[in-house]
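For reference, TrEMBL has these:
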type	residues	note
TRANSMEM	7-29	transmembrane segment
TRANSMEM	49-67	transmembrane segment
TRANSMEM	79-101	transmembrane segment
TRANSMEM	107-129	transmembrane segment
TRANSMEM	141-174	transmembrane segment
TRANSMEM	180-201	transmembrane segment
TRANSMEM	208-230	transmembrane segment
TRANSMEM	242-259	transmembrane segment
Amino acid sequence: MEFLTLAFLGVVTGVIAALFGLGGGMIIVPAVLYSHYFLPNLEFSAHDAIAISVLQMIFSSVFGTFLNIFKKKNLDLKIAFFLGLGGLLGASCSGFLLSLVDSKHLTLAFLLVSLATFYKFAFGGKTAARKVQMSANKQAIILILVGALTGVFAISLGIGGGLILTPLLAYFLGFDTKKIMPLSLFFIMFASIAGSLSFSTHGLSSDAVLHAGVVIGSFSILGVLIGSKILDSISLKHHRKLLMGIYIISILATLNKVLEYYGIFK
């Protein structure tokens, strides 16, 4: 039963990764925190949930990036390299940051980030692509800085950072969302690998965490294939509504956990 639950979670996460260019942390973190209600043997802390979320991202992001490079051919590798490098540098610090912060504060931080990104997505209006003129060196520096900033905070909260990257890349570099989605998966690939290594170095990856992360990650590959098929047939209107629904469910579940951790609601 435990294996089937983790496998199902992996498939759902993979579908989300393919549909929205996300790492799946918006689903994984609250789902893992609630897993003990269904399976008593699965008792994970917020630190565990974040480590599992980041570990499983490696699988879906690597496979999704492979599809983007060789099948869809929609990834600009020159731009992706500098963004990935920034993510690698930023995420390398995530284990140290995570080891200093209490679980309940991490869950609260995750809730606040979820609320901020939901507000931006639901009420911020559409971000139009625009032409931005700058030198190649300046663009590379911006990509590295954006990647590093997103990497250190997003990976520390167990999210891939796709929803943080999108407004930053659109604002500073004028990229449209179709260009950002494959870049986001490439970034998540680098950041999740660096983050998982950082967590392991700081003693945040137990055997149970590794097992859960590998099972979820392995089945997320199947989800990526399913999500890619769905993406080709879904309308932009339904795509947006689906993502908003995912946000709302995740926010409500996380809010309940925050109230429980701080003794406001038990």
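Cβ atoms are placed via backbone N, Cα and C, with glycine included.
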*For the transmembrane segment (7-29), what are the same-chain contacts with Cβ under 8 Å, counting residues 6+ beyond its ends?*
46, 49-50, 52-54, 56-57, 60-61, 64, 110, 114, 154, 157-163, 180-182, 184-185, 188, 192, 215-228, 230-231, 234, 239, 242-243, 246-247, 250, 254
*Recorded stretch, among 49-67, 79-101, 141-174, 180-201, 242-259, maximising Cβ pairs under 8 Å relative to the transmembrane segment (208-230)*: 49-67
*Would you kindly list the residues that approach the transmembrane segment (49-67) from elsewhere in its chain, counting only those six or more residues past its ends and only Cβ-Cβ distances under 8 Å?*
10, 13-14, 17-18, 21, 23-25, 28-30, 32-33, 75, 94, 98, 106, 155-160, 182, 185-186, 188-189, 191-193, 195-196, 199, 204-205, 209-210, 212-214, 216-218, 220-221, 223-224, 228
